[in-house]
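Asks: Take a look at this one; I'll ask things after.
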Amino acid sequence: MFWLCLVCLSVSHKMIGLCYLLVAILSGFVGYVYSLFIRLELSLIGCGILFGDYQFYNVLITSHGLIMVFAFIMPVMMGGLVNYFIPVMAGFPDMVFPRLNNMSFWMYLAGFGCVVNGFLTEEGMGVGWTLYPTLICIDFHSSLACDFVMFAVHLLGISSILNSINLLGTLFCCRRKFFSFLSWSLFIWAALITAILLIITLPVLAGGVTLILCDRNFNTSFYDVVGGGDLILFQHIFWFFGHPEVYIILLPVFGLISTIVEVIGFRCVFSTVAMIYSMILIAILGMFVWAHHMFVVGMDVDSRAYFGGVSILIGLPTCVKLFNWIYSFLYTDMIITFEVYFVIMFIFMFLIGAVTGLFLSNVGIDIMLHDTYFVVGHFHYVLSLGAVVGFFTGFIHFLAKWLPIELYLFWMFYFISTLFIGSNMLFFPMHSLGMYAFPRRISDYPVSFLFWSSFMLYGMLLLASLILFLCALFCVFLFWDYCLFFVSLFVFSLYCFFYFSTWLPCVMVLYLLLVDFAHIVLDYLFLILCFCFVFFIFFWQSLFLFFYI
């Protein structure tokens with residue numbers, strides 16, 4: 001208990017970064033479980049595993065989106081890796097406001113708890129992660145779950161703002177005089193630009209959510225048409241934050257990938273200044289294209305042309321980054337490690353998401369594909385595969401700085417292959433389904449879409465087996481650590497017996513051996529049961545398809 005209090009109340013940037021990482025990975029696992037239930041429901045026609053409870057299906061979608069965006073991807077990059085490594089890379093002993101750093105972590109933890117509490121309160125919150133009125137108004141969702149979730153958005157937003165203020169104060173107030181801005185690494189530049197974006201956009205979202213709370217609890221009519229309000233106002237407010245949120249998530253990943261390319265290539269990324277300017281241009285343009293999410297609300301032609309054109313224009317600085325990474329790979333004598341495979345997979349996945357985004361920037365195509373699974377496949381390739389694969393890349397790259405273990409190239413290649421195959425099995429068919437107008441946010445569909453929905457479930461279960469493989473991999477590491485520990489204790493006990501004529505160390509070794517061996521056996525039994533569960537799901541689904549079709 002003392003150790004737990006010492007860790008949680010620490011003001012060290014490294015300890016706070018590790019706490020962010022642990023809680024964010026836990027929240028990501030919770031969000032993944034929600035998505036697994038969504039895919040299991042969509043693998044059947046009609047009454048699936050949720051027994052026709054469409055409200056609970058919408059609650060799962062809402063919780064999955066909010067947790068993955070606000071409680072996993074944002075904190076794991078800005079709170080975890082940025083908190084841990086930015087002071088080290090910039091040569092600072094700590095963040096400029098250590099207690100503010102600790103306060104932001106606790107607010108993040110409270111916000112995550114409020115999101116989970118909103119999932120468990122009454123009938124839940126089934127309004128979608130975009131929180132659109134009028135569905136979120138008191139007439140349609142009267143439970144306290146909506147208030148819990150909007151309070152969670154406030155807490156998570158304040159946590160991110162405090163973290164960003166702390167980062168900006170650290171970079172500008174603690175900078176040494178002989179350090180120029182161009183001497184910073186690309187990861188520091190990416191964190192700086194992301195912090196500025198957060199400070200600009202998050203207060204706008206907080207204001208919009210506060211107006212919803214006023215409509216629900218204080219009888220105002222900011223979004224109520226009957227009282228003179230405007231429904232489209234909240235869409236403008238939300239997407240003014242929502243689209244820069246994509247770059248808030250991706251820019252730290254861009255900086256992380258650039259830093260890893262520099263490390264494995266033993267030289268700077270090609271055209272470092274162009275990489276910095278491209279990130280700045282992406283951030284600036286990203287704040288002026290929010291309405292390309294709203295082409296179907298009845299805009300005039302000029303507004304559609306402007307937002308569509310600027311959306312295409314964002315592809316130019318993005319292409320600069322992609323081509324610079326590829327050029328750095330081709331013209332650098334780098335050693336082939338598992339990090340190289342991860343970076344290549346990130347570039348490939350992000351390229352698919354960027355190309356499908358160019359399709360959606362066209363106004364006519366976007367109107368046809370709006371609210372279909374094409375959009376779901378696009379933003380999952382950008383966020384779920386681009387950002388998460390980038391996080392995996394940075395996490396494994398920096399793992400040697402946290403744990404004294406060595407990862408084998410063969411096992412990492414298996415890990416990358418499984419992740420690549422499972423992710424593409426899950427998300428790539430969504431584009432084809434979207435072309436055939438497969439609707440999102442609806443748990444039932446015609447029988448003609450059954451094959452591809454079940455095929456995507458196999459990709460989801462392959463990712464589940466990947467998580468179990470990671471658990472088994474760490475159990476293998478622990479097993480070898482146990483073996484080395486027991487061998488050393490056994491040698492020490494023999495030394496004590498021959499020189500001091502006592503069997504006490506041998507009894508201690510035997511006791512530790514039995515206790516830890518029991519723990520190892522229980523761990524592996526649990527893993528075997530999990531693998532059997534995954535196999536049972538595969539067998540049950542295949543049997544159902546065989547008799548149904």
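Quick reminder: no glycine exception, Cβ is built from N, Cα and C everywhere.
Below are the features I grabbed from Swiss-Prot:
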BINDING   GLU41, GLY46  Ca(2+) binding site
BINDING   HIS64, HIS380  Fe(II)-heme a binding site
BINDING   HIS243, HIS292, HIS293  Cu cation binding site
BINDING   TYR247  O2 binding site
BINDING   HIS370, ASP371  Mg(2+) binding site
BINDING   HIS378  heme a3 binding site
TRANSMEM  18-38  transmembrane segment
TRANSMEM  66-86  transmembrane segment
TRANSMEM  100-120  transmembrane segment
TRANSMEM  148-168  transmembrane segment
TRANSMEM  186-206  transmembrane segment
TRANSMEM  222-242  transmembrane segment
TRANSMEM  269-289  transmembrane segment
TRANSMEM  340-360  transmembrane segment
TRANSMEM  379-399  transmembrane segment
TRANSMEM  402-422  transmembrane segment
TRANSMEM  460-480  transmembrane segment
TRANSMEM  484-504  transmembrane segment
Asks: Sequence gap of 6 or more, Cβ distance under 8 Å: name the residues on the same chain that satisfy this around HIS293 (Cu cation binding site), in order along the sequence.
Replies: GLN235, TRP239, GLY242, HIS243
Asks: Return the residue, from the listed binding-site residues HIS243, HIS370, with the maximum count of other C-beta atoms within 10 angstroms of its C-beta.
Replies: HIS243
Asks: Where does HIS64 (Fe(II)-heme a binding site) sit by DSSP, helix, strand or coil?
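Replies: Assignment for HIS64 (Fe(II)-heme a binding site) reads helix.
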Asks: Please work out the number of neighbouring Cβ atoms within 10 Å of the Cβ of HIS64 (Fe(II)-heme a binding site), leaving out its own Cβ.
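Replies: 21, counting other Cβ atoms within 10 Å of HIS64 (Fe(II)-heme a binding site).
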Asks: Hey, which of 18-38, 66-86, 186-206, 222-242, 340-360 has the most Cβ-Cβ pairs under 8 Å against the transmembrane segment (148-168)?
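Replies: Stretch with maximum Cβ contacts: 186-206.
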Asks: Okay, the transmembrane segment (66-86) and the transmembrane segment (379-399): do they have at least three CB pairs under 8 Å, pairs separated by 6 or more?
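Replies: Yes, the transmembrane segment (379-399) and the transmembrane segment (66-86) are in contact.
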Asks: Please work out whether the transmembrane segment (100-120) lies in contact with the transmembrane segment (66-86), by counting C-beta pairs under 8 angstroms that are 6 or more apart in sequence and asking whether there are at least 3.
Replies: yes
Asks: How many Å lie between the Cα of ASP371 (Mg(2+) binding site) and the Cα of GLU41 (Ca(2+) binding site)?
Replies: 19
Asks: Spell out yes or no: are there three or more C-beta pairs under 8 angstroms between the transmembrane segment (269-289) and the transmembrane segment (18-38), with each pair 6 or more apart in sequence?
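Replies: Since fewer than 3 Cβ pairs under 8 Å link them, the transmembrane segment (269-289) and the transmembrane segment (18-38) do not come into contact.
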